[in-house]
Each structure stands twice: as structure tokens, then as C-alpha cells.
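Have a look at the structure below before the remarks.
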Amino acid sequence: MPAPDLETIVSLAKRRGFVFPSAEIYGGFANAYDYGPLGVELKRNIREAWWRSMVMERDDVVGLDAALITNPQVWVGSGHVANFTDPLVDCKRCQRRFRADHLEEGMYGEVPRDAQGRPLCPFDGGELTEPRQFNMMFRTQVGPVADEANMAYLPPETAQGIFVNFVNVQQTMRRKLPFGIAQTRVSFRNEITPGRFIFRTLEFEQMEMEYFCMPPKDREKPAEYLALHRQWVEERLRWYIDVIGIAPERLRLRDHEKEELSHYSAGTTDIEYLFPWGWGELEGIAARTDFDLRSHAELSGQPLTYFDEESGEHVIPWVIEPAAGLTRTLAVVLLDAYTEEPDEKGEKRIVLKFRPRIAPVKVAVLPLSKNDALRPTARRVYDLLRPLWMTQYDETQSIGRRYRRQDEIGTPCCVTIDFQTVGENGQPGDDCVTIRDRDTQEQVRVPISGLVAALEERIPAARRAGGSACAREIRKRPAVVAGRFACPNGRGQLLRTPARRQASPYSARARTTGSFAARSRGPKCWVRAS
RNA sequence: GCGGAAGUAGCUCAGUGGUAGAGCGCCUCCUUGCCAAGGAGGAGGUCGCGAGUUCGAACCUCGUCUUCCGCUCCA
């Protein structure tokens, strides 16, 4: 079905406790949202799925959690103090807004000018306001005295905490290139533009990884480096399709144009999603070269280098950065999971078809009716499941209504206790319950003693540290079909054919790089979770 | 930040100067034995907030906050 419009999702998100406008009792606050009981679970599940794919299941990436408020020099070294500032001018006549530097750089062609040579509005020649400096970093101060010496920034991105810790991590973890450092945390940007729901907010959570590799032999033609960038682009695209379950037809890759590239980047590819308002960025995979390490080394005076045994030289690693938006992914997951289908009576059934591992609530325990005979057994089943999965118990109103409630929050399995379970009219119960599937609405009857095993078929096992995939999902995964990956969720072929494994671009580190390739491309990654 | 539109119950909305409303949802009781059944009852709104006009304002005026659309911006 086509993607729902944004209002449908915003309304559902609030009605069911996923996302609330922030501080609603005080009239709200622009570009800020609060995550409700289901939203926090959904967010946590996405974050954990990322961490699992990026850190736990890999042997070449380690984690980090750096301070948010830190030495402001970090943001000088990163270039944000200088480059995150836009001089803005407005046309007094038509109210259009421009960046003063864009006018001077000829982005609008030859700009009309007044007698003093100052630029005028390129559209109607109106007078422009004086430029106002606008830095998108939030400032605060540390300690009781509010002066410039105590000034600090809230981080506008996640990457810098990783760069400043490069040597610490590399040495304590005894890492050889290539390796990565991953981090998920909140970032802050003083956006002047209202966002669309949680697509653009003042604070947002990012999931970033910096992948450090040997510098190319030829800075100008870093073919191997760009090939590694391409590998990561494909790896990350597959994550959205295979792990999170986003429809491939609503995902695309977009390479940044030269003019669009950031000050540090040798190339950036965005993974975009088809939002209700058009394509929008979900994740950017940037080839950051050695910009950050070099810049921090120069400013701090500390060498941020890696000693290459083979050549006997200290080198500054080059970096690939897959930077994903966690809160954006959450918006996409809600949009993409939303389905409406007619039921038998022609009524609308709203279902959030989350992947089981992403679903905020995994199981609902529902006695067939609110009857004292059913309750003790139902509570016993609830107590059995609660330590294993996020579980809800509901006995109010009709069973059909409760199924619909669970459909609307995307609960994959409902466990129903009926009179056959507990027995009636003097007949003994069979101690069996039914499991009702969210998507097919089919039911199977299983003994309570086998309930956990039966649910593990459908839901990733909570006992295994969050679980990666459920048994049924793993069985569904075709490895490689005729040399091409097929999509495990049955939605067709992936967008790209995996290239033949090529000779390692980093001959000195062939083994490590090879393991990257095999892991990301080979069939192993499909069956890993079993 | 500019222009336009909007803000009334949890959600969707009606209500054009004179008693605050509907449907759905939610809660309780009864009923109900597998996909949003039915009955009875109930909670919940100083109509975004503040000021003004008026005998009287959800309604008119101004300000303000928030949201949406369009610009603009987006390392």
C-alpha cells in the first residue's frame, strides 16, 4: 500500500503512546518531541539492532560513549565553530532570505548592487538587511560564571567524540587497521526551520561509526578508499532492508554533488527514504578522508597517528563514516510499518507490521473473556512470559477489540486463554493456549509447556541479550540465489548485485579487509543469529 | 525567520455574540465464548495562552505560543 500521510502517523503515535509533542501542557515547544512508553521501546530496539549489527556481530568494530559537553576546542578542530555559522540577510521588500556568502560567491549569478557596492536582492533588487551571524551549535556555560572562558557547546554531531579518542581506543583495544569505533547518542542543532514531525528536531539521536583504514597511496585517486566507501554504503542499505524491514522500493541511494559536499568529504552517499513529502535522508555515508584526525592533531599538537609495522611509518588513517539518524529511522519504521486492510465486515483494520525484533510489545496475553475461571491461568502465562519479552495483559472488553488494539501497536503475537484451556462443566482443561499471528490472524494451539519455544519461533529470544532474529526469520533467509542476494522478507531482489570479492585494496592488511568483505557480502551474515 | 492557514474532550471535528456539543476512544458494572457486538453508568474541555471591545466572547480586535502548507535554511 502507499505510504500513509504524516498526520495519520502523528495521530497514531500520540493516540497509542509512541510520540507526544513535548511539554504539551505548556503549549508545546517547537521541534521537540517526547517519546512515550511504546516509543522508548521502539527506539531502544532500533538502537540495539544497530549496535548488534555494527558492534556485537562484527570483530572489527568497538563501542564508545564520549561526553556530550567537552572542551570547546573540539568544535574548533572539527571546523564547526568556523563553518557551522551562516551569515543571513533578508530582502526588506520580498522577505526572501539568503546567505550573504552565497550572494558574494555568485550562487545567484550577477547580483544587483547599490551605490556603495553592497548586494541587493537578486529577485527584485530590494534592500537587504545587515548580515546576522547564525551558528547552529547550542552554547552553554560550565560553572557559575557566565563568561567566554567557561563557554561550552552542545554537540551538533556524534563523530568528534570518536576522533578525539582515536588513539585511546586503538591502543587500549590493540587494534590494527582497518577497524571502526561506534557510538550512539544525542546531538543538538539550533535549526531555524521547523521539522516534519520527528524528521528534524532540536535534539536527535544518531548512530555513527567511524571506520579507520590505511591511507591511499595516491591522495588524488583513492580508488581503494572509494571502493571501501561503496562497500559500506551497500552494507548499510542492506541493514535497513534486512534487519529493520524497510520496503526496498521506498529506499534509494543518492550520491552528493560536488558542490553539496561537506568541507571534509571526498564523497558522500545518502540513503534516502520516500517520505510522504518526498525523498529524505536517513543516513549519510561520508568519505571523510583524514580531515578530522589531521585537523585535531594540528590544533591539539598531539599526534593522532597509527604505526604501520609493514612500512615502518606513522600514518594518519582515512575514515569512512556511516552516520544514521536513530529518531529518523524510528519515523521511517512507523511510516513503513503502517498498513490498513479491510476486515471481513469491511471495517478498516490498522496494523503496524513491525519486524518482531523491532516491535515495542512482543506478546499480549488475553483471556477470552473477563471470567474468573480464566484469570488464574492467564496470569500464570503472563508471569511466565513477562521476564522474557515485553508483554501486555488485557482482559477488558471483547477479544476482537483487544486484537485490534494489539494490531495497532504492532504486537506480533497474542496468546489467548480460553475455556478449553482451563476446562469447564467438570471436564479437565487441556492446558493449551492459542497463539494468534498479527499479520495472518491465524491461530495455532500449543501446550503452555511448549509456549516459550513456540513463541521463540516467531520472536527473537529475549534471553539471548536482545536477540537478533527469530527462528522462523532465519529459516526464511535465502542465502544467495544465482549469485545474487535475494531479499529475505520476500520483497524481491536487492537494489545492487554484490560485486565479486575483489583483491584487497589494502594489501598489507589483506586478511582483515577480507574478513570485512566476507562478512558483509558472504552468506554468513544471513545465518549469523542462529 | 518570512507568507498563508489552523488551534474546541485522548483522536477526528461541528458549533458566527446569549446554558460546552457529536462520533470514535477511555473507565466501571452487566452481558459477551475468537477478530473493533449490545445495555447502563462515568471520567475528561476555564474552547492554546494573555489582553482588549461588549451587559455578555469559543465566536470580534490585538499580541503571543504551537501546528500544518509554501519559501528560506539544512556539515
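Keep in mind that glycine also has a Cβ here, set from the backbone N, Cα and C atoms.
Here the structure is a predicted model, which means the values were calculated and not measured.
The annotation domain 'Aminoacyl-transfer RNA synthetases class-II family profile' is assigned in TrEMBL to A:5-356.
A:Pro322 (substrate binding site) is surrounded by 25 other CB atoms, counting those within 10 A of its CB over all protein chains shown. Taken from TrEMBL, the feature substrate binding site covers A:Arg99, A:Glu157, A:Phe204, A:Glu205, A:Gln206, A:Met207, A:Glu208, A:Glu321, A:Pro322, A:Ala323, A:Ala324, A:Gly325.
Counting only same-chain residues six or more apart in sequence, the Cβ atoms lying under 8 angstroms from the Cβ of A:Leu326 (ATP binding site) belong to A:Lys43, A:Ile46, A:Arg47, A:Trp50, A:Thr184, A:Phe204, A:Glu205, A:Gln206, A:Met207. A:Leu326 (ATP binding site) falls within a helix when secondary structure is assigned with DSSP. Feature annotation from TrEMBL assigns ATP binding site to A:189-191, A:199-204, A:281-282, A:325-328.
A:Glu208 (substrate binding site) carries a strand DSSP state (E or B).
Around A:Arg328 (ATP binding site), the same-chain residues six or more apart in sequence whose CB sits under 8 Å from its CB are A:Ile198, A:Phe199, A:Phe204, A:Gly280, A:Glu281, A:Leu282, listed in sequence order. Ranked by CA distance from A:Arg200 (ATP binding site), the binding-site residues A:Glu208, A:Pro322, A:Ala324 have A:Ala324 at the top as the closest. For A:Arg200 (ATP binding site), the number of other Cβ atoms no farther than 10 Å from its own Cβ, over all displayed protein chains, is 17.
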